[in-house]
Amino acid sequence: MSPFAVVLLAFSMSVDAFAVSVGRGAALGRPRYSEALRSGAVFGVVEAITPVIGWVAGVAASSFVQAVDHWLAFGLLAAVGLHMLYAAVWKKADAKPVGRSFTVLMATAIGTSLDAMAVGVSLAFLNVNIVVVATAIGLATFLMSSGGMLIGRLIGEHFGRIAEAVAGIALFGLGLSILIEHLTA
C-alpha cells in the first residue's frame, strides 16, 4: 500500500469521529482545549486499535464481524444519541453536559470505529504493515477529532442546547444509517 493510500485511508476512517466531535464540541458549549485533546486521544487510540483487531481476526472472524458490527454500532450510537437528545431537552440549565462523561466518550469512540475493524479484516489480505496503517489511522483521527471539537466549540458558544440536541439526533442517525446500510446490502 502506497504512502498516499495509507494517508487517504487514515483520513477516510476519521470522518465519523470528526463529525461526532464537531457535535460534541457544540454540545459542550465551550469545551476546554484539554477536553479536545482528550477526546482526540480517545478517538485516535480506539480508531487505531480496531483495525488491528480486525486484521488479527482476518478471514476466520470476518463473517462474525460483518454479522454484528452494524448492530453494535447502531446500539452504541443510538443510545448515546438519544441520551444526548434527552439531556438537551430536559436537563437543568446548570447540569453537566452529557458529553463530558468518559463513558459516553468511550462508547461514542467505539461506535464510530467499528467500521475500522471490518477494514482491518480486509487489510489482512493485503501486503501492508498493520502497525504503520493503524498508527496513521490513529494520528489522523486524533487530529480530526480534536479539530472537530474546537470547530464545534465555536458553534456551541452560540447554540449550546440546540447543538446538543442536533448532535444527539446526528449520532442516532449515523447509527441508523450504519444499520440500514448493512441490512440492505
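Backbone N, Cα and C atoms are what each Cβ position is placed from, and that goes for glycine too.
Note that the coordinates shown come from a computational prediction; the quantities given were computed from them, not determined experimentally.
Going by Swiss-Prot, these are the annotated features:
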- 3-23: transmembrane segment (TRANSMEM)
- 41-61: transmembrane segment (TRANSMEM)
- 70-90: transmembrane segment (TRANSMEM)
- 101-121: transmembrane segment (TRANSMEM)
- 123-143: transmembrane segment (TRANSMEM)
- 165-185: transmembrane segment (TRANSMEM)
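Ranking 3-23, 70-90, 101-121 by CB pairs under 8 A with the transmembrane segment (41-61) puts 101-121 at the top. Comparing 3-23, 70-90, 101-121, 123-143 for CB pairs under 8 angstroms to the transmembrane segment (165-185), the maximum falls on 70-90.
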